[in-house]
């Protein structure tokens, strides 16, 4: 007689996406029925995001070092085409945002108090910050979640261990698998974590605060939807020469949904790593491309910077010609690649883009304040687009390389 699996075993083996959907619905219901009850379960979401953020730096460092150390000689990692896809995708997002802003011009009532923050003075400061992140103390890089530094030291250690004995390489490979197992366990807790995140978000913010900026929000979300459902699939089709939507929808469902609620590309790195493993991608490739993507693949950030900057220009009565808009796309694309190196991310890079039009820092910071008000949805959608695109482009490059080899 076969023994029936326990409830815990059934939950552990069940569909994670379905469980997350149940968590979202339960969170909305709880926030609607009892605001105090919803606020009391906020710690579940904080615990989940905290666990992901805690494991992600260690996972990236160990995986990168182990994959490079164990890499066979002359093995191809396909990193060059992936980086090109990341940069092209980010620039395409900025151009899409410009077109959306021209089609649906947005103006803002700039009467808010300027947000208290310290935006970077220019592109030079963003690059300066990134270069110093590169040479950060490796222990400090892991503690603070500085993924530029983690990648640099992980690659350095991996290259140094490339000529080590097989037993040393095996130890690193075993540690890498051990950390991956811990990540799988944390990801299985996603439904509980997302239940807490959704409950607290609806209870504390609701939609009343963002109702006044609905037009701006719709333009932002529209640009991100076009990027996710039209531009990205077109780029993927160009690479793999087949229907891109099965891959795109898989990545949006399994990476984008989690990223939407955690609102952190760094916290979503373990989720993306697990998805790449599920898609049977080359570990030597995705162990480097996913954390790199969390740093430089910032299509969502480019959209946010561009649309809010053009909204500021429209509000000030500044006429923007097409050449200036193209220049803005380049600036937004480059700035977005440095968004992970700035506290406050894409929003605090808006003053940098506003400087193109001679908009004062005081006015620009009022636009940033508007960004923080709609941030509960804008930041979630931006992170969902950024993070899911990391896997989409990595998978597309890997499949294109395989097709080329088999031709």
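In case you wondered, yes, glycine gets a Cβ from its N, Cα and C as well.
Among the ranges 171-191, 192-212, 255-275, the stretch that Swiss-Prot annotates as transmembrane segment is 192-212.
In Swiss-Prot, the transmembrane segment annotation falls on 363-383 of the listed ranges 342-362, 363-383. Residues 218-238 are the range that Swiss-Prot records as transmembrane segment, among 113-133, 218-238. Across the candidate stretches 48-68, 82-102, 290-310, 316-336, 363-383, the maximum count of CB pairs under 8 A to the transmembrane segment (141-161) is reached by 48-68. Residues 138, 141-143, 145, 147, 150-151, 153-155, 157-159, 161-162, 169, 172-173, 175-176, 179-180, 182-183, 186, 189-190, 192-194, 196-197, 262, 264, 266-271, 273, 283-284, 287-288, 291 of the same chain sit 6 or more residues outside the transmembrane segment (48-68) yet have a Cβ under 8 Å from a Cβ within it. Packing against the transmembrane segment (316-336) from elsewhere in the chain are residues 87, 90-91, 93-95, 97-98, 102, 123, 126, 298-299, 301-302, 305-306, 309-310, 346, 349, 352-353, 356-359, 363: each is 6 or more residues past its ends and has a CB under 8 Å from a CB in it. Nonlocal intrachain contacts for the transmembrane segment (218-238), taken as residues 6+ away from its ends with a CB within less than 8 angstroms of a stretch CB, comprise 85, 88-89, 92-93, 96-97, 100-101, 104, 106, 244-245, 247-248, 252, 256, 299-300, 303-304, 307, 374, 377-378, 381-382, 385, 388-389, 392-393, 396.
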